[in-house]
Amino acid sequence: MAVGGGIVPGSGGKQYEARVTPFVVIACVVAATGGLIFGYDIGISGGVTSMDEFLLKFFPAVYAKEKNTTGHDSQYCKFENHLLTLFTSSLYLAALIASFFASATTRKFGRKISMTVGGVIFLIGAVLNGAAMNVSMLIIGRILLGVGIGYANQSVPVYLSEMAPPKLRGALNIGFQMAITIGILAASLVNYGTSKMRENGWRISLALAAVPALIMTIGAVFLPDTPNSLIERGQKENARAMLEKIRGTSEVDEEFADLVEASEVSRQVEQPLKTILERKYRPQLVITSLIPFFQQFTGINVIMFYAPVLFKTLGFGDDASLMSAVVTGMVNVLATFVSIFTVDKFGRRVLFLEGGIQMIICQIGVGALVASVFGVSGTGSFSKGTGNLALALICVYVAAFAWSWGPLGWLVPSEIHPLETRSAGQSINVSVNMFFTFIIGQLFLSMLCHLKFGLFFFFGGWVVTMTAFVYFFVPETKNVPIEEMNRVWKSHWFWGKYIPDDAVGLAHHNTTNNA
Ligand code: BGC
């Protein structure tokens, strides 16, 4: 047997009657704009924190340090400032906490209410940030943005997977990641434009977050709720009518019965977070907790948050730094398409393993380049040629992430759970992801200051670890009907012993995703 575990043929799952209706496509496109607000925030803060006017107004000490480049000071430390990193990372801590509240709202009041609440809170945050007069206003605004994102990231993926016909679920799931990357790119383009303004460029950058938020909030008001959510809230008739509408057929008996059954099964599990600790869910628990942790330890957000700051550290000029962020943002969007077209064909493991190796090579390359130019003292500067080589290596690294750990970091945890632990698994996934996004956001500038070029080797070491982990412990899940996933675990060389015999074959025949 292959080390990765047995591969279950993708047959035997149920096929429901379902057309891909324009209605469902529009609903999903609108819902996916939730990814835009997340992406916009990831991409905006790095550019803003590298703008002189912004630094001068809110973080004068950083500004003074940055300008003090006499050639004797370490380049590695010029941006180290805990208040500055708190500006970036406070959002993720807020999102982490909010996602727990969102989970209750989403269950009790429906997915669209969560999206609307998220959009409105986010809007207030954007206004506060755009109007900020002092650091407190900035950070409170950022926290509100975080709460909005916590709500959106909790409800949007659930909404998408419930609305999507089963055979499109993978592609639609990556649609959310696509929206994230478009948001990041939009932010870096906005930063590039506003940095040319004499004053208040940063205000416009921050306030424009209101645009994707408005799209999402207004969209959410008009979105229908999912059949699953309607059943969950006792509205069976409406649920059936909605299911017929989104599937474009009245032949929905089977899927409807499965939705009702799924809702009953999940109602019996009173404490999903306790259930998931049972031995038979060990493979899912371990993988759901490790994947978001590993995703953040690829070091991707060093690039996404701080690309302009990083490029400035490497000696690029202001303009070149912001332009470089636009370039990495474009690579990120384009490379995501690769995963959409290959994920169901070549499978998750091939993408994980290839992407991992490609990232390791780039990280070693960038680390070596930075070491050779800046050494341990951190003095020196890149020539044009070495600068471009570093940028090229970073782009190849971003591409690798964009077709591996980016989309798969969200897709895999969402598809490996049986119904009864799927929702708990999703909360663990989101909160672990947000927690480590916070940690990286908060620690990166200090790490750069202390680990110096070793920072690139540090993340490279983690990518070696996670690639080995995938090789040994993450089985292939492409084309496996979601409710037959237990067979995959059962035939795995390591996880097999955790799965009781009766768990295989007794799987619920239900291919819906119940959150
Ligand atoms: C990650 C983010 C990251 C983004 C980059 C997402 O999957 O969760 O942390 O910034 O990808 O495109």
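Glycine residues also receive a Cβ, built from the backbone N, Cα and C atoms like all the rest.
According to TrEMBL, the features are:
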DOMAIN    27-478  domain 'Major facilitator superfamily (MFS) profile'
TRANSMEM  20-40  transmembrane segment
TRANSMEM  83-101  transmembrane segment
TRANSMEM  113-133  transmembrane segment
TRANSMEM  172-192  transmembrane segment
TRANSMEM  204-223  transmembrane segment
TRANSMEM  285-309  transmembrane segment
TRANSMEM  321-343  transmembrane segment
TRANSMEM  355-377  transmembrane segment
TRANSMEM  389-412  transmembrane segment
TRANSMEM  424-447  transmembrane segment
TRANSMEM  453-474  transmembrane segment
With a Cβ cut-off under 8 Å, give me the same-chain residues at least six positions beyond the ends of the transmembrane segment (355-377) that come close to it.
74-76, 298-299, 314, 386, 389-390, 393-394, 396-397, 399-401, 403-405, 452-457, 459-460, 463-464, 466-467, 470
Is the number of Cβ-Cβ pairs under 8 Å between the transmembrane segment (20-40) and the transmembrane segment (389-412) three or more, considering only pairs separated by 6 or more positions?
no
What average pLDDT does the predicted model assign to the domain 'Major facilitator superfamily (MFS) profile' (27-478)?
87
Determine which residues of the chain contact the transmembrane segment (285-309) at the Cβ level, with the cut-off under 8 Å and only residues 6 or more beyond its ends counted.
42-43, 45-47, 49-50, 79, 88, 184, 188, 191, 276-277, 321-322, 324-325, 328, 332, 359, 363, 394, 397-398, 401, 405-406, 408-409, 412-413, 416-417, 425, 428-430, 432-433, 436-437, 439-441, 444-445, 455-456, 458-459, 462-463, 465-466, 469, 473-474
Selection from 83-101, 113-133, 172-192, 204-223, 389-412, the stretch that has most Cβ pairs under 8 A to the transmembrane segment (424-447):
83-101
Could you tell me whether the transmembrane segment (321-343) and the transmembrane segment (113-133) have 3+ CB pairs under 8 A, leaving out pairs under 6 positions apart?
no
Contact call for the transmembrane segment (389-412) against the transmembrane segment (83-101), three or more Cβ pairs under 8 Å:
no
Other parts of the chain folded back onto the transmembrane segment (83-101), taken as Cβ under 8 Å at six or more residues beyond its ends:
41, 45-46, 49, 58-59, 62, 135, 138-139, 142-151, 153-154, 305-306, 427, 430-431, 434-435, 437-446
